[in-house]
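Asks: Quick paste from TrEMBL:
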type: BINDING; residues: His81, Ser99, Tyr170, Val171, Asn172, Ser187, His255, Pro256, Glu257, Thr272; note: iminosuccinate binding site
type: BINDING; residues: Cys144, Cys229, Cys315; note: [4Fe-4S] cluster binding site
Amino acid sequence: MTRLDSRTQAVANPVFVSAAQRFGIIERPELAFTPAVARETEHLYEKVKDFIPAIEWPVYAPYVHAINRLKKERNAVILAHNYQTPDIFHCVADIVGDSLQLARDASKVDAEIIIQCGVHFMAETSKLLSPEKTVLIPDGKAGCSLSESITGADVRLLKQRYPGVPVVTYVNTSADVKAETDICCTSSNVLAVVESFASDTVLCIPDEYLAMNVARQTNKKILTWKGHCEVHERFTAAELLAYKEANPGIEIIGHPECHPDVIAVCDFAGSTSGMINYVKDHRPSKVLLVTECSMASNIQAEIEGVEFVKPCNLCPHMKRITLPKILDSLLTMTEEVLVDPAIADRARLAVERMVNLKQ
């Protein structure tokens, strides 16, 4: 690979030097399914062969091979959320997990560059926790319906309406919103976060269903906001009951971003990591995961003897991240994620309080 050094361009703008200027741009390699590429990616195909037909692997393999070589050259680490497709999750990711896991790991990585395979708020969170690192997202338009449901101005109005009430903000929000909150939470630690306050009333925003579900587990009064995940809000209790009737003995594992009526018919509810651990620990003969459908494929590749029934609700935002975009991101050092210094310190504090909270 040939590097086109563009660091000298930084002289024109002494205030901001882009990642492309700092690290240089690398020419696009030839992408061909050569015998060497086939040989070096063979062990990775074994992980995804149930989801990618053999006839299609020659399309994927050159990207996988190029990405895995280039991330070493760039001293980059790839963080991938559990909702990424199997080719990303199993073939190029260095660290995988839910929002809390990725937030914690982002603060510990030694690499200079973080490639965030997830949605934009996750990349912002990585930048908050590792401000000295370069954080890239392969597609800056990978948004989130929850994140877009509320603004920092909305939170300020809520604080005026409920003075003195602690504000717990779901990590699925922008840095602007995090900067107005006392502490962040994820679906895996929301109850612990809520219970950490002495106050008998807590604002839990913006996910209405997450707040409603945690309200059933605490004696505190939970105030919320009408934000919803466009994937999880589509599931219904009637749909799941129909699956139960059609599949005797099936275990249904739900995500707390679903409506409480949906959670009520589930055998277990938890974060994406909690769902994965439940399946690994209990090994049900047949299971349905009430969440984004790529996760079932990712688990299925690791767990034998479990049949996954897959109602497929895709997240269009997560699916904006693809192997070609990851490669382009590494080559061109785009799209760089930056957080306004005016809000970064306050937003970082809210995230650090969450990460450091003892479970």
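Here the Cβ of each residue, glycine as well, is placed from N, Cα and C on the backbone.
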Asks: Nearest to Cys229 ([4Fe-4S] cluster binding site) by Cα distance: which of the binding-site residues His81, Tyr170, His255, Glu257 is it?
Replies: Glu257
Asks: Which residues of the same chain, at least 6 positions away in sequence, have a Cβ lying under 8 Å from the Cβ of His81 (iminosuccinate binding site)?
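Replies: Residues satisfying the criterion: Val96, Gly97, Asp98, Ser99, Leu102, Cys117, Gly118, Val119, Met122, Thr272, Met318.
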Asks: Using the alpha carbons only, what distance in Å do you get between Tyr170 (iminosuccinate binding site) and Cys144 ([4Fe-4S] cluster binding site) once rounded?
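Replies: If we compare the Cα positions of Tyr170 (iminosuccinate binding site) and Cys144 ([4Fe-4S] cluster binding site), the gap is 12 Å.
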Asks: What Cα-Cα separation, expressed in whole Å, is found between Cys315 ([4Fe-4S] cluster binding site) and Asn172 (iminosuccinate binding site)?
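Replies: On Cα coordinates alone, these residues lie 14 Å apart.
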Asks: Please report the Cα separation of Glu257 (iminosuccinate binding site) and Cys144 ([4Fe-4S] cluster binding site) in Å, rounded to an integer.
Replies: 13
Asks: Does Asn172 (iminosuccinate binding site) have same-chain partners at least 6 apart in sequence with Cβ under 8 Å from its own Cβ, and which are they?
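Replies: Correct list: Ser99, Phe121, Cys144, Leu146, Ser147, Pro206, Asp207, Cys229.
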Asks: So if I measure Cβ to Cβ from His255 (iminosuccinate binding site) and keep only same-chain residues at least 6 apart in sequence, which ones fall under 8 Å?
Replies: Ser187, His232, Ala269, Gly270, Ser271, Thr272, Met275, Val290, Thr291
